[in-house]
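S.K.: Structure in structure tokens, see below.
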Amino acid sequence: MRVIVEGVSKEIVMLIPMLIGVAYMTLGERKILGGMQRRRGPNKVWIEGVGQPIADGVKLMIKEGVKPMRAEGVMYKAGPVVTWMLSMLGWSVVPIGEGEVIVDVEVGLIVWMSIGSLGVYGVIIGGWGSSSQYSIMGGLRSGAQMVSYELGMGVMMICIIIIGGSGNISRIVEVQEGVWNISVMMPVVVMYMGVILAETNRTPFDLPEAEAELVAGYNVEYGGMGFGMYFLAEYGNIILMSVVSSVIMMGGWNSKYMRGEIVVGIKSTIIVYVYIWIRGSWSRYRYDQLMRIGWKGVIVYGGGYVIVVGSVMWSIGGVSI
């Protein structure tokens, strides 16, 4: 019982800052995109729009959720809940500081990938349960995209595990005390950025919810907290992916001058800014281009780089099989 209480309390302590981060990431995104377009962005609610996320959250909570007449009741309601819960569950194995992790498992990186790959089921369930052609098409696109780029993500993670000599995320951070993994992975950094954009359905790979083609895709029939849960899951995954990238690629919490959690927060914020900058700068790819990049680009070149990294590490005695 004590173990359960400690686990739940740790989860709550980690999730509250994350939910606040999601709220103010939306404000930051709107401000940054406004600046890129020579606008001011939200500036009416409280001081320079600081209260805008609170107003948006209250609006979603009091908004009526209307279920379409032909929707499958259980599937329609389960889709957003499953997606949101899996998004939150991913935080359980990701450390944000030395010893600051809910469950520090030996294969934490693989467990995190496994949890992340399950998130697509919530999207497919919601799209199918909505009984809308746009929703179904968005769900199927999301499933195909996840399968394509999950393989690419797996290839990248194999490189990280080979370099770190372990699947434990804390151990991978310890190995980066001298040299960050991003310097070793430099030839495929652009590829890695493309993979995490596709994994989180962000521009230029936001095909599952393409407004011009699918009228918002899988969540077109959702309003109120149904839409809110999908929204929280999407932005929560962006922050989680940024934290994981800062930990496994950019040295994590290694610093002599600041607390580890602050260091991870700064690095993660930089990656989130890159997400937003790309959204404001790049146009959306066509779906056939997305698939071609995934199957003929990322997997092929990433697989070749795994062979190179494995050969180099084996030759210097860094890999034990």
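Keep in mind that glycine also has a Cβ here, set from the backbone N, Cα and C atoms.
Sharing the record's features from TrEMBL:
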- 12-30: transmembrane segment (TRANSMEM)
- 78-97: transmembrane segment (TRANSMEM)
- 109-130: transmembrane segment (TRANSMEM)
- 151-173: transmembrane segment (TRANSMEM)
- 179-198: transmembrane segment (TRANSMEM)
- 235-253: transmembrane segment (TRANSMEM)
- 259-278: transmembrane segment (TRANSMEM)
- 298-317: transmembrane segment (TRANSMEM)
S.K.: Tell me if the transmembrane segment (78-97) touches the transmembrane segment (179-198). I count contact as 3 or more CB pairs below 8 A, with pairs 6 or more residues apart.
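M.R.: In this chain the transmembrane segment (179-198) does not contact the transmembrane segment (78-97) - fewer than 3 Cβ pairs sit under 8 Å.
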S.K.: Does the transmembrane segment (151-173) come near the transmembrane segment (298-317), with 3+ Cβ pairs under 8 Å (pairs 6 or more apart)?
M.R.: yes
S.K.: Six or more residues beyond either end and a Cβ under 8 Å away: which residues meet both conditions relative to the transmembrane segment (109-130)?
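M.R.: Distal contacts: 68, 71-84, 86-87, 89-90, 93-94, 136-140, 142-143, 146, 150, 153-154, 157, 160-161, 167-169, 172, 199, 208, 217-222, 230, 233, 237, 244, 248.
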S.K.: Please give the sequence-distant neighbours of the transmembrane segment (259-278): residues at least 6 beyond its ends with Cβ less than 8 Å from one of its Cβ atoms.
M.R.: 25, 28-29, 32-33, 36, 96-98, 100, 193, 197, 200, 202-204, 238-239, 241-243, 245-247, 250-253
S.K.: Who are the long-range neighbours of the transmembrane segment (78-97) in its own chain, taking Cβ under 8 Å and residues 6 or more past its ends?
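M.R.: Sequence-remote neighbours of the transmembrane segment (78-97) are 11, 14-15, 18, 103-105, 108, 111-112, 115-116, 118-119, 121-127, 129-130, 169-170, 173, 218-219, 222, 225-230, 232-233, 236-237, 240, 243-244, 247, 252-253, 259-261, 264-265.
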